[in-house]
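Undergrad: Got a structure here, written out as structure tokens. Questions coming.
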Amino acid sequence: MAIQHSLIFNICFLLLLLPKSIQAESDSNRKVYVVYMGHNARDDASTSSFHLRMLQEVVGRDAKKHMLQRYSKSFHGFSARLTEEEVKKLSGMEGVVSVFPSKSNKLATASSWDFLGFPLTVNRSTTESDIIIGVFDTGIWPESASFTDLGYGPPPAKWKGICEANFTCNNKIIGARYFKADGIYDPKELKSPRDSDGHGTHTASTAAGNVVRNANLLGLQSGIARGGVPRARIAVYKVCWIEGCRSEDVLSAFEAAIADGVDIITVSAGLTSAEELFNDVYAIGSFHAMQKGILTVQSAMNEGPMPQTTGSIAPWILSVGASTKNPDLITPVRLGNGIVVNGVSINPFTLDRMYPLIYAGDVPNITAGFNGSISRFCVPNSLDKNLVKGKIILCDAISTGEPEMLAGAVGSIMTYPGPYFELVRSYTLPVSAVNSEQAIRIARYIQSTRNATAIIMKSEDDNNATRPYVASFSSRGPNPTITSILKPDLTAPGVRILAAWPPVAPITEVEGDRRAVPFNMISGTSMACPHVSGIAAYIKTFNPTWSPAAIKSALMTTASTMSARINTDAEFAYGAGNLNPIKAMKPGLIYDADEVDYVSLLCQEGYSSQHIRSLTGDNSSSCSQIMEQTKDLNYPSFVIPTLRKKVIDSSFNRTVTNVGSATSTYRAFITQPLVSGLRIQVEPNVLRFQHIGQKLSFKVSVQATIQNLDNPIVSGALTWDDGLHQVRSPIVVHVP
């Protein structure tokens with residue numbers, strides 16, 4: 001009888017546990033998704049209730065538990081933890097534009113402004129302090145000299161933002177928010193808009209940091225640090241954490257920034273590959289920003305040099321690649337035979353004398369099972385500490401960590417592939433990175449003597465650097481989603497950029513490096529992006545009524561040309577060219593576009609009228625009246641994807657607006673490659689303007705048969721010239 005009662009009790013107990021185990025299994029199958037529902041026409045309270053009711057229909061009474069974030073201002077939707085079955089149900093509901101999984105997006109990690117021809121003494125508008133730049137990043141360090149508010153008045157009257165989590169704002173940093181929908185924080189992270197990483201402080205100061213004299217990194221590249229618009233205000237939106245930048249948090253930041261009243265949004269983060277537009281939170285958020293007259297500038301990302309690697313592809317976003325600058329740094333290595341080899345690195349150290357020089361392949365850690373074929377690459381733990389201690393070691397690769405330091409080396413000469421290596425960084429011991437040819441030369445010296453020696457010198461400015469080229473890490477086009485839109489749009493300096501840094505953030509990735517600095521040098525399209533954001537804001541100070549497309553056009557059509565011989569990906573590496581701040585102020589003509597133009601493009605790309613109505617919030621929006629072709633979006637570049645041996649017969653219709661001299665005559669000049677059979681015509685080839693704001697249209701026709709190309713990219717350019725302004729747009733024919 002006792003056994004029988006025990007059996008019944010156990011069965012009842014298991015039945016009580018069953019719902020919880022089913023619940024646990026269900027929760028483990030849930031992932032975070034964003035449910036995007038387009039433009040919002042409701043008030044905040046009714047929208048939030050509506051979202052919860054929607055989720056309850058699918059999830060049931062646990063809807064509140066699984067709801068993460070609600071969007072109810074410029075656009076509406078929500079993020080929630082959902083199963084695949086729930087995603088299918090929500091996708092079929094009325095009003096839902098798209099449902100897509102949240103992604104952990106990546107950060108795109110002397111004065112660069114002087115290099116761009118944008119001196120400290122440049123003419124500035126008295127309204128510069130009315131411009132507000134919204135920075136989406138890892139937060140900010142408000143105590144930095146780059147962000148003091150000495151001499152600033154109160155924030156502009158239009159400002160509606162706040163400062164969260166006891167973050168003390170001032171009249172320079174006028175807003176600070178942070179977004180973490182899942183509420184899960186790493187112990188190393190600050191649960192506030194403060195920056196413990198460094199990336200956000202660096203990008204914010206590059207865009208709008210104050211003028212700070214004698215800025216340097218441990219004595220390197222000492223000079224004046226400043227942003228593109230030093231008097232502009234900064235609003236911080238912390239969306240990036242140790243795990244990355246989550247989609248639902250990025251969308252929340254867009255919603256807040258639009259409502260707060262920013263003028264420019266700068267985003268040094270993004271997708272590592274292109275997505276369909278309605279599954280891309282950056283495309284979605286920036287579209288709604290564009291509706292409010294806000295230009296979004298985004299880094300092209302660091303997935304280069306392979307083609308079709310940029311994730312920043314929306315035509316209303318200004319996408320920025322990274323280029324080099326001059327002067328750059330060199331780190332000389334003097335060998336015992338007197339030969340000096342100029343490597344590259346960020347090396348603030350000065351060795352006191354010559355040290356023994358050895359090759360990593362000759363000192364393997366045999367005890368740990370390594371041989372020379374492995375130790376030559378300085379793989380962690382592969383080096384014999386007894387043989388390495390007190391010596392400089394030559395490695396056949398770039399070390400991501402510092403195993404040579406752990407093995408007791410006093411310095412390292414690393415080898416990088418190819419002619420350039422732009423991502424060499426700071427280390428905790430003297431390092432110089434050399435190319436393969438230089439490494440062979442050093443190795444031969446080591447083999448030629450029993451007592452090879454060397455000294456790694458402190459880094460110094462190299463004023464003989466080559467003309468700017470696109471960094472190898474910078475993501476490339478062509479645009480895989482909208483093939484007629486050129487991406488990236490242009491480039492800006494992004495290699496070894498000096499800018500503000502929090503004292504709590506390490507300057508290297510080495511565990512235990514406790515050096516604290518107020519400024520640091522890092523590289524990436526993340527560093528290029530705020531250069532362009534700053535100049536976009538600068539243009540807006542003089543032209544407050546210009547649309548995002550107008551500012552974008554001014555930046556693209558005045559960009560400095562770059563060499564396709566150095567950059568074999570040509571326009572798919574550098575877009576319209578390299579940022580030219582002074583010329584961008586006076587573009588002469590602009591290619592303007594508005595929401596209607598972008599809607600027409602979306603229609604041509606196959607989006608339904610219902611999608612368009614949801615996006616715009618206009619129930620009269622329809623795809624029945626659209627442009628004849630997608631490429632007729634009034635974009636300041638021309639792209640023709642084609643096939644080998646296919647006959648090309650394409651035309652583009654464009655309209656330019658006069659923003660230069662009231663009475664002016666522009667003539668068309670075509671630059672085209674010497675490719676047999678390629679013919680480019682402009683009709684009319686003369687445009688005569690009678691007043692500011694006048695619009696005139698023209699047509700560009702391209703006929704050719706492209707065959708047997710060594711390079712699948714053929715590019716030329718159309719330049720409108722009135723003697724004072726040169727308005728240049730690239731023309732690209734390519735074989736995907």
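Residue numbering: from 1, along the chain as shown.
Including glycine, each Cβ sits where the backbone N, Cα and C put it.
Take a look at what TrEMBL says about it:
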- ASP137: active site, charge relay system (ACT_SITE)
- HIS199: active site, charge relay system (ACT_SITE)
- SER526: active site, charge relay system (ACT_SITE)
- 32-107: domain 'Inhibitor I9' (DOMAIN)
- 129-575: domain 'Peptidase S8/S53' (DOMAIN)
- 632-733: domain 'Subtilisin-like protease fibronectin type-III' (DOMAIN)
- 1-24: signal peptide (SIGNAL)
Undergrad: Please report the number of other Cβ atoms within 10 Å of the Cβ of ASP137 (active site, charge relay system).
TA: 29
Undergrad: Which Cβ among the active-site residues (HIS199, SER526) has the fewest C-beta neighbours inside 10 Å?
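TA: Each of the active-site residues HIS199, SER526 was scored by Cβ atoms within 10 Å; lowest is HIS199.
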Undergrad: I need the CA-to-CA distance for HIS199 (active site, charge relay system) versus ASP137 (active site, charge relay system), whole Å please.
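TA: Cα to Cα, HIS199 (active site, charge relay system) and ASP137 (active site, charge relay system) are separated by 7 Å.
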Undergrad: Could you put numbers on the helix, strand and coil content of the domain 'Inhibitor I9' (32-107), residue by residue per DSSP?
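TA: Helix, strand and coil residues of the domain 'Inhibitor I9' (32-107) number 28 helix, 30 strand, 18 coil.
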Undergrad: Rounded to a whole angstrom, what is the C-alpha distance between SER526 (active site, charge relay system) and ASP137 (active site, charge relay system)?
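TA: Cα-Cα distance, SER526 (active site, charge relay system) to ASP137 (active site, charge relay system): 10 Å.
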Undergrad: By DSSP, how many residues in the domain 'Subtilisin-like protease fibronectin type-III' (632-733) are helix, how many strand, and how many coil?
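TA: Taking the domain 'Subtilisin-like protease fibronectin type-III' (632-733) as a whole: 1 helix, 61 strand, 40 coil.
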Undergrad: Let me know the model's mean pLDDT on the domain 'Peptidase S8/S53' (129-575).
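TA: When the pLDDT values over the domain 'Peptidase S8/S53' (129-575) are averaged, the result is 93.
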